[in-house]
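*Asks:* Encoded as structure tokens, here's the structure I'll be asking about.
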């Protein structure tokens, strides 16, 4: 039976626990700064070491008991080691200090490993019949989890870094080792066959009997820990040598780089700069140190890892640069951002000169793209430039009359012939715009400048210089559209409306005018923004246009006031159109996530009953519109 406990022997268990914890912390620390595959290997190493340390600590912690004949089941001992590693290795792999869920998940697994190594390990002993106290068993498991969570919380709070000293790591390892040994001693009392009496009568115990098995166990564990420690020492030395070499290479690349280099801290201040950066920006290197990098930004903060931007020199001038941002970080912490930038001043000047050269060449090319014709005094084609074919996709007709009849638009032929005859008759040049046929069947707007070349007062020949003016025509059409159409809705504007009314007033036929105003439009602007109001007006034009005929006129006079003119329409037809417009606005208007409901009020005036001019008709329709609003809105009314 057990007769006592030799407490001094437990120091051996503590030494093993501390050694295992120290090597485990070193392994976790190494994993933070290693490449992915090496990091996994370091974490597996840490998980295995803590499993072996805890396993050995458990059995060595049983050596101080005296008076008991202990027999061991090797299969159970090995099973204990495997089960412990199956908890500790996943715990080491799971841990990420940035994620609390993974931290505490790893802590639970490590606490489970501590409980497994003790209670499964106890089943490998044949000392007496093991009977466990359920309250003490629960308390022991809770203690294992609590100790694990406390230590993992510290690791997460401290954030391992390359600057963490070995004394600090050793100090934490001692605390972890004490926690492991304390847990094992506390957990012994879950066995009802062990009581505090054995610890209170240590001096009466006979000499400790250490079996050869335990000597082998301790020796093997010691060799494993010693080998791991030696490996880590050499690994640290190699890492320092590599860091020194890397530092020398970094210093060479940093200081001797012809491109500007800035190292920024996390707060955006400059930690270091090389001579190229200082020279480019007009500063001394010590002037840049500590300066907020925002002081150097001539434009906004660069976007993306590579960006073409401008930096502000000391004299205030802007320096165009190609900037590359490189973030330097590890899993444990961020180290800063490198800015590498190349001066683009010369490149920009070359680009400017190139653009200027291109502009000059473009002017020449545009001029040379004009085709030239030379007509003789008897109106025969003497010469045509090659650009004629590139402009029209076909060869020129050498007969002038044949050319006009086959290549000039039918509506323009008389004007072209008249201009040509005038040039020959009056010996004066001029210009003319007309359309010529392209080989693909389309019509090309061109402008021809005619210049008679006189010899002794007579025409020797005539030079016709012709250029493609399709782009100009399109631009003129755009200008005309801008002058007569509302840019927001695409409907006609007031000028278009007046021109349209004047045209149909000349024809002795009736027509109807619908004057519309939208109820609650001001609230749309006030509640949902002017952008919502603009979108609503665009939708108004679309919905009204959908119920009109092609010959009808829709115009926006201003704000939310729209007018519709229905040629050859009587009052009944105007009322029918008004009903359709009212119906189409029963559907709500959707803007972003908002559903907006509004109504329209319509006043109708008819020509010639309600007025003879556009002003009279608008005034009459406005009066009727006011009556509709007075009667509750959302309706229409005729003036007569």
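Placement of Cβ uses the backbone N, Cα and C atoms for every residue, glycine included.
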*Asks:* TrEMBL lists transmembrane segment for one of the ranges 212-234, 235-257; which is that range?
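*Replies:* Spelled out, TrEMBL records transmembrane segment over residues 212-234, not the other listed ranges.
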*Asks:* Under TrEMBL, the annotation transmembrane segment belongs to which of these stretches: 174-200, 282-308?
*Replies:* 174-200
*Asks:* When TrEMBL marks a stretch as transmembrane segment, which of 137-154, 155-172 is it?
*Replies:* 137-154
*Asks:* What is the number of residues in the domain 'PAC' (430-481) that are helix, strand and coil, as DSSP sees it?
*Replies:* 12 helix, 32 strand, 8 coil
*Asks:* Going by DSSP assignments with H, G and I as helix and E and B as strand, what are the residue counts for the domain 'GGDEF' (509-640)?
*Replies:* 56 helix, 40 strand, 36 coil
*Asks:* In the domain 'PAC' (305-356), how many residues does DSSP put in helix, strand and coil?
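*Replies:* Residue counts in helix, strand and coil order: 12 helix, 29 strand, 11 coil.
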